[in-house]
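The structure appears below as structure tokens.
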Amino acid sequence: MKGLWIVTTETSAEPTRRDFLYIATGAVAAVGAAAAVWPFIAQMNPDASTIAAGAPIEVDLTPIAEGQDIKVFWRGKPIYIMNRTKKQVEEARSVALSALPDPQTDQERTKEGHEQWLVVIGICTHLGCIPIAHEGSYDGFFCPCHGSQYDSSGRIRQGPAPLNLPVPPYQFVSDSKIQIG
Amino acid sequence: MSGPSTYQPQSPFMKWLEQRLPIAGLVHSSFIAYPTPRNLNYWWTFGAILSMMLAVQIVTGIVLAMHYTPHVDLAFDSVERLVRDVNYGWLLRNMHAAGASMFFVAVYIHMLRGLYYGSYKAPREVLWILGVIIYLLMMATGFMGYVLPWGQMSFWGATVITNLFSAIPFVGDSIVTLLWGGYSVGNPTLNRFFSLHYLLPFVIAGVVVLHVWALHVTGQNNPAGVEPKTEKDTVPFTPYATLKDAFGMSCFLVFFCWFIFYMPNYLGDADNYIPANPGVTPPHIVPEWYYLPFYAILRSIPNKLMGVVAMFGAIIVLLFLPWLDSAKVRSLRYRPLAKRFFWGFVATCLMLGWLGAKPAEGMYTILGRIFTFFYFAYFLIVLPLLSRVEKTLPLPNSIAEDVLNKGKVVGTTAASLFAAVLAGTMLFGGVQSAKASEGGESPPSLSWSFAGPFGTYDRAQLQRGFKIYKEVCSACHSLKLLQYRNLAEPGGPSFTLDQAKAIAAEASIKDGPNDAGEMFERPGRLADTFHSPFPNEQAARAANGGAVPPDMSLLAKARSYPRGFPQFIFDFFTQFQEQGPNYIDALLQGYQDTPPEGFSLPDGSYYNKWFPGHSIKMPPPISDGQVTYDDGSPQTLPQYAKDVTAFLMWAAEPHLEARKRLGLQVMIFLIILSGLLYFTKRKVWSNVH
């Protein structure tokens, strides 16, 4: 009559040892299932070789004449390195901060003593197209996809993009060489 | 799937949905209210285990496909990059590779269960036939999956299996060309195999739905083989069968994880860690273990066409089983004669499997023919005959009555199982000892710090081993799957990042082209690999008397030697898998100045006791005192050999420590879960028994 006895305990309102067993089993199984999901999500992050390949790069600036720019790739992103003319630097520094959608001074966006060099990630902050250098109404960049215009400091001036072109981490190793990353 | 549903939706939304799409009712009637015979034993949980394995294979497979490149030049390395660099890549790969074997373990148990309890008999013929179709699809899928890593066994397996079709008269060669998409197994073959390997699991899933549908129409068979007659004979699927299945699955996962975390290469072939080489066939090619019985049948027939026909026939014959065995009594419990023949058949399959792994010569061929005859005789002679002449035992009147006699029957089943295992073991043992007397010697088994469930690398030993690689081996051998950054990663020789950078900077790496379009040399960086000192394979060959020094990244996993029976069974429990390190260590010390009498050594070769064929082009690479150790370790050849071998093991498997560490955690968890599930299942079933 073991079975009958269990049926009677089941109807009592008190938590029983069997309730505890069921809850413990369910909880352990749920923890296991959650832990098992983790490797399947973690595997989508960049793998070790991709991270290692994203190490800093060095760029020689000597071939870039004034008024010219080059595009290099770092971590799969295009980086514009622009040797700005005096006129471009002046334009960038004379504009009032209040006139900018994303206020930032040109000094903040360049390195002291190397004012003519602008280094920005060439990815439009709207939806990721690559803006064209030396185009648009602000002597800077123009994005052909949706018409965003950036000035000669890479700051957004007009169009749907919300933010300035980001400045990647970089430093001058010498007067004519920078290290990006 | 079993008639109109008794499901009564409670909430208004479920009522609304049920009138439009009765999916909740379908689930309810198929997996909750569905009546299952109350006398099912644990052999019946393998259906659920197989569903789980199919899900595991599909999910891990989709993830592996995110990292795999189906191209002959890239496939092998992409698998290694996955294992070495992707987060948990080693785990996902081991799950998928061992999972294929576990899928076949489970399917063979499931099939033998069906065979033993007569689950193929009316009215379940279609259910059985669908199962055979799933099995055929599994074999095709498993074969194509094995080709994808593009190692030596992949390539030669693909070549041999596709060549089976050339046995077809008149159109055979055209069919083979069609399968290859070229004049030999090549890139088009690999691409289409990848495509089909991705497709077929979903076809399997579709046929599984039909299989389950057919099952739910006829209802499950049961160990007594009598149909349920009253409510008392069945219990609802949930919670009774669900919990029993969950416990079965959890126990199976313990078995599965033993392979994933501790024995990932036990079921594989070391040769598949050598990249595919269309110019060299491995001396001893064998398919994966789950095809071995059929491979043995193929080889035992001396005619090409008839061999292929026999091999496929061995599977096709299963389709006709419901009509070959016409006995009215389903379960072999009540067929004493048929039961004996059944265990004989199991022994035959094991024997064929063992023969399939042996070279096709001498006694093996003769035994192969005998057991091939036994295999077909079971289906074509024994079963049809027995079903006419056998005097069966009285059946129980109902399942409920069967449950009352259960204890006695379990005893006899266990006894017959034990007898069959014993008989099989003795058979194997006898043949093996005959073989051992003629067999060769194996390298001595050394004690390695990384062996066993708690094994770890000895950091100082890896650093010493690296020194030997750098000063000696790297003059000829590359380690192109290893990058300098690996030296500083956890679980390795534990160089600091700065040390690793300094080591990298000593190397000269060819890079470019630069802006002027020219290649240039630069110091190595952390992301560079240990490249070959030779510009190309031809140069390496020319500089080494015609033999290419192999890349050493995977050497410790790509070399092996047979352990023989019963040693390989003990290896499973002791987690022995250090054949590669033992071989490399022995090889480095195995040079003999004068070859034994009667051995003619070719010019420019050296005699090595352990090298296959004994004639090796590599001169003795290292001798006492050649490399200076800073830590006071003995500067002797045995110490050098052991250190560099440990380093090569790490190079072959940089995540070994993480694998064993996670394995311990998973094992403890699964044992707790299995225990809890067992007691929960017992509580729930307590009012049924």
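Here the Cβ of each residue, glycine as well, is placed from N, Cα and C on the backbone.
Just so you know, TrEMBL annotations are computer predictions that nobody has curated.
Record features (TrEMBL):
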type	residues	note
BINDING	B:Cys473, B:Cys476, B:His477, B:Met618	heme c binding site
DOMAIN	B:13-224	domain 'Cytochrome b/b6 N-terminal region profile'
DOMAIN	B:227-397	domain 'Cytochrome b/b6 C-terminal region profile'
DOMAIN	B:460-592	domain 'Cytochrome c'
TRANSMEM	B:43-69	transmembrane segment
TRANSMEM	B:90-111	transmembrane segment
TRANSMEM	B:126-148	transmembrane segment
TRANSMEM	B:160-183	transmembrane segment
TRANSMEM	B:195-215	transmembrane segment
TRANSMEM	B:246-263	transmembrane segment
TRANSMEM	B:305-325	transmembrane segment
TRANSMEM	B:337-357	transmembrane segment
TRANSMEM	B:363-386	transmembrane segment
TRANSMEM	B:407-428	transmembrane segment
TRANSMEM	B:662-680	transmembrane segment
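Location within the structure of each feature annotated in TrEMBL.
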residue  : record              : Cβ contacts under 8 Å, 6 or more apart
B:Cys473 : heme c binding site : B:Met552, B:Pro621, B:Val644
B:Cys476 : heme c binding site : B:Pro533, B:Phe534, B:Ala540, B:Ala543, B:Asn544, B:Pro549, B:Met618
B:His477 : heme c binding site : B:Tyr469, B:Ser532, B:Pro549, B:Pro550, B:Asp551, B:Met552
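Between the transmembrane segment (B:246-263) and the stretches B:90-111, B:195-215, B:363-386, B:662-680, the greatest number of Cβ pairs separated by less than 8 Å involves B:662-680. Shown in sequence order, B:Val472, B:Ser474, B:Ala475, B:Pro549, B:Met552, B:Pro621 are the same-chain residues outside B:Cys473, B:Cys476, B:His477, B:Met618 whose Cβ sits within 8 Å of the Cβ centre of the heme c site.
According to its DSSP assignment, B:His477 (heme c binding site) is coil.
When pLDDT is averaged over the domain 'Cytochrome c' (B:460-592), the result is 93.
Comparison of B:90-111, B:126-148, B:662-680 by number of C-beta pairs under 8 angstroms to the transmembrane segment (B:195-215) places B:126-148 first. Break the domain 'Cytochrome c' (B:460-592) down by DSSP state and the numbers are 59 helix, 17 strand, 57 coil.
Cβ contacts within 10 Å of B:Met618 (heme c binding site), excluding its own Cβ and spanning all protein chains shown: 19.
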